[in-house]
Amino acid sequence: MGQFTVVSLGLLAMFLSLSGAKGDNCPASWISRNGVCNKLFPDRKTWLEAEMYCRALKPGCHLASLHRDSDSTVLAWYISDHFKGAGHVWIGLRDTNRKRTWKWSDRTSTNYFSWNQGEPNNVQDDENCVHLWAPSGYLKWNDEPCASLHPFICQYKL
């Protein structure tokens, strides 16, 4: 009887600890990284159309924000492995005030940048949105006119 009680209490404790834990489960077509879910959408949209599409998917969903090299690497592998020839891919960074002050659409901090060499260059004073640059293997960023059409990555926190 004593062993049964110990096992039962152990299972109860495990159940209670797991029931309060946040799972790291993204829907089947999304990838998980560092507590967020990401998905690439191959439809070509403007930056604003892409951001609005992400927001309509789920509360708290936005174009992807990247905050460290490991975030960039995981998404680069994902895009390269599953979407060959996708072209450049929108992320959630843009210069809303046209003053070279870059902000994420999810309002998280902008303490990490992975610009391609010579970027951001704001060609013709019209490059205020950011995409993952395909020739860099999606590891580097480029500023681009927001009206350009690209696939995009949506992201939400678990």
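Note: Cβ is positioned from N, Cα and C throughout, glycine not excepted.
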Check your understanding: Hey, Swiss-Prot has Ca(2+) bound by Asn142, Asp143. Any idea which of Glu51, Glu127 it lists too?
Key -> Glu127
**Study point:** Recorded disulfide counterpart of Cys146 (Swiss-Prot; options Cys129, Cys154)
**Key:** Cys129
Check your understanding: Can you tell which of the recorded positions Cys26, Asn142, Asp143, Cys146 lies nearest to Cys154 (disulfide bond) in space, using Cα positions?
Key -> Cys26
Point to revise | Which same-chain residues, if any, lie at least 6 apart from Asp143 (Ca(2+) binding site) yet have Cβ under 8 Å of it | key: Asp95, Glu119, Pro120, Asn121, Asn122, Glu127, Asn128, Cys129, Val130
Study note, to complete from the structure: Same-chain shell around Ca(2+) excluding Glu127, Asn142, Asp143, C-beta within 8 angstroms of the CB centroid, reads Glu119, Pro120, Asn121, Asn122, Val123, Asn128, Cys129, Val130, His131, Trp141, Glu144
Exercise for review: Run through the Cβ atoms and count how many others sit within 10 Å of the one on Cys146 (disulfide bond).
Suggested key: 20
Review point. Including all protein chains shown, what's the count of other C-beta atoms within 10 A of the C-beta of Cys26 (disulfide bond)?
Key: 16
